[in-house]
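Annotated in TrEMBL:
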| type | residues | note |
| --- | --- | --- |
| TRANSMEM | 39-57 | transmembrane segment |
| TRANSMEM | 131-151 | transmembrane segment |
| TRANSMEM | 188-208 | transmembrane segment |
| TRANSMEM | 220-237 | transmembrane segment |
| TRANSMEM | 286-305 | transmembrane segment |
| DOMAIN | 311-383 | domain 'DUF1736' |
| TRANSMEM | 372-391 | transmembrane segment |
| TRANSMEM | 403-424 | transmembrane segment |
| TRANSMEM | 430-449 | transmembrane segment |
| TRANSMEM | 458-476 | transmembrane segment |
| REPEAT | 499-532 | repeat 'TPR' |
| REPEAT | 533-566 | repeat 'TPR' |
| REPEAT | 601-634 | repeat 'TPR' |
| REPEAT | 703-736 | repeat 'TPR' |
Amino acid sequence: QISSQHNAEAPNLEQAFHRMAQTEPNLDHGVSWFLLPSYWAKMVVALIAFLCFANSYDGDFVFDDSEAIINNKDLRAETPLGDLWHHDFWGSKLSSNTSHKSYRPLTVLTFRINYLFAGGFYPVGFHVINIILHCTISVLMVDVFSILLGGLQFSNKGRRLNLAPKTSLLAALLFAVHPVHTECVAGIVGRADLLCALFFLLSFLGYCKAFRENKEGHNFSIFWVLVSVILGAIAMLCKEQGITILGLNAVFDALVINKLNVLELIQKLLHKDKSLENAGLLRKGLLFRITLLMSGGASILYIRWRIMGTGPPAFTEVDNPASFADSLFVRAINYNYYYSLNAWLLLCPWWLCFDWSMGCIPLIKSVSDWRIIALAALWFCLIGLICQALCSEDSHKRRILTLGLGFLIIPFLPASNLFFRVGFVVAERVIYLPSIGYCILFTYGFSLLSKQAKKKKILAVAVLGILLINVMRCALRSSQWRSEEQLFRSALSVCPLNAKVHYNVGKNLADKGNQSAAIKYYREAVRLNPKYVHAMNNLGNILKERNELQEAEELLSLAVQIQPDFAAAWMNLGIVQNSLRRFEEAEQSYWTAIKHRKKYPDCYYNLGRLYADLNRHIDALNAWRNATVLKPEHSLAWNNMIILLDNTGNLAQAEAVGREALELIPNDHSLMFSLANVLGKSQKYKESEALFLKAIKANPNAASYHGNLAVLYHRWGNLDLAKKHYEVSLKLDPMAPGTKENYNLLRRKLEQLQKKGG
């Protein structure tokens, strides 16, 4: 163990440790609450944390899970592990202009491990890990709260003592059952916050171990300080908030280890008091440790900055409208209103929503807006707490309030818009760590009330009631996160002005085939946000499928006018223009889409269809070939190439393309069918028959498969088998084109053969 020896300071620290229990009031004194052995307390916390979120274990992939997990190529085995260190959370290159710069490689690595162990995208394993992580964090909270509420003291054998077993249990229970944590636990993407919190707490507990007296009598261990820095770095590689633990460790060191009086220090600094050294700031051990923490933090941030690049992430006005306001006053007042909403979610986590952007919270533009009251209430409470934390004569009270405020505010700073623009208005996931500070302040308030209350049991019952309500709220909210339909619909009552909520409800309905209902929600999304290009694009797509081409064209044209680089809208506009037989405009739209998204296989596929309609066969084949180069499993493009070559009499080339396609997509029955047709025309009957039968086995209810196999047998002379498959085809589809005529020809031929035989 690497350690540092500062003998001149050792007596002061030793005395501080041994006097702590005697000189400070016990927070548990007079509190009517359960007193359990440490092991049982942790078991109870783990069990209750599990009960809160257990019903989310078999939920689907919902909301952001699609982009961060299902569509993230970094989870696939074929992606080199090294790519994780150069990509953002969503699998995009950090150097890309479209990257959100969210650098969380360790979280993505756990997703990849989940994917490999499960053998695919099966959400149960992902959800189970999230639940286990939250239970583990809640158990660690018992130790963390015992230090924050009761102080840090070790026995003669070097074992840490829990000086506040009752209140630390209560605080841990409050944390474990807080409904605002549902997004982090029930939403798989929330694992970033869970892993960050885990290493955040381990860093704090590791830092506390640095002050465990060892046999040599050293007063602190450099080894554990460095371990704390490394764990802080790991926390940051899970999510950006993790770096804030280094600042909190410094605050803890100053307040708990060195018993620094902040107000007294400020006064001495202002008066340039010569006794400043005795105030504790210039104590050699404290300065050395803070230097280690700050140097480690600065190094970590510099390395991350180098990896991420100098450019800030690109967000749009709908993500965070206040940050785009021209007036500094409007920005400041709305940021503060967002802080008050976060505080309210901690105090009363009843109205929860998966997304708070896109008009959910209208901007405050003048002081006459009644919501200013929320800002005033927030700052009234904060200023009151800060004054007590600085000016109280009770050192115990000063320490707990300062630590509570520190854990409430410091982890929230990266999401505060103070240092850089963030891509959200309010996000429940970012208050997972700040809720630690809330639990400290709530528990301390409960302790003070218990000491003054005459009927302590009534107060304890009230707190039990709060815990029980929170457990039920967690269970209810977890069930809403189990499917996108429930999640999106739950948001309609919370954020009816949020265009994204209506968009997601509409998308979910469209995916289920309920286009009429989807149109209603897409229209509402566009009404709420007239610049919502994604809603316009999806609505235009549905209208295109319903042959309402005029309105579809208007919507898609408006979408590309608002966002000229919206490649998907350009492609869909091309499809509509093609349907309207405005071929030149359609071709131009397709090429514009490809200009903005060079690797766009679906657009090349649709461009090929356009060229085929115009009998530009070579251009069509080239376009489809481009689609298959960009996306080798593009079955439709392969099929169209085979069919076009077949129809134009290029059977040898059609056969070669078909064989190439089946090598890449061996289980695609439509490709088997197309190649079987080509082989039949080339009189390779045996091989053609084998492919037809394989295609029918994969898709037995396709009338055309049976019909074309019947034609093959008809040509081959296997008339009985031809008759059998004609009949199956007609049974599946009595109106199948050509099949009835061929069947009648076969029957006449069979009748003629019977007459000759007779």
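Placement of Cβ uses the backbone N, Cα and C atoms for every residue, glycine included.
The list of residues near the repeat 'TPR' (533-566) in space but at least 6 beyond its ends in sequence, with Cβ under 8 angstroms from a Cβ of it, reads 499, 502-503, 506-507, 510, 515, 518-519, 522-523, 525-526, 572-573, 575-577, 579-580, 592, 596. Below 8 angstroms of C-beta separation, residues 100, 148, 200, 240-241, 243-245, 247-248, 251-252, 255-256, 312-313, 315, 319-320, 322-323, 331, 335, 338-339, 342, 356-357, 382, 385-386, 389, 430-431, 433-434, 436-438, 440-441, 444 of the same chain, each at least six residues beyond the ends of the transmembrane segment (403-424), sit close to that stretch. When pLDDT is averaged over the repeat 'TPR' (703-736), the result is 88.
Of the Cβ pairs linking the transmembrane segment (188-208) with the transmembrane segment (286-305) and spaced 6 or more residues apart, fewer than 3 are under 8 Å, so the two regions do not touch. Of the candidate ranges 39-57, 131-151, 286-305, 372-391, 430-449, 39-57 contributes the most Cβ pairs within a distance under 8 Å of the transmembrane segment (458-476). Residues 4, 6, 103, 210, 220, 222, 225-226, 228-229, 232-233, 236, 243, 246-247, 249-250, 253-254, 257-258, 260, 280 of the same chain sit 6 or more residues outside the transmembrane segment (286-305) yet have a Cβ under 8 Å from a Cβ within it. Helix first, then strand, then coil: DSSP counts for the domain 'DUF1736' (311-383) stand at 36 helix, 0 strand, 37 coil. For the repeat 'TPR' (601-634), residue counts in helix, strand and coil come to 27 helix, 0 strand, 7 coil, using DSSP.
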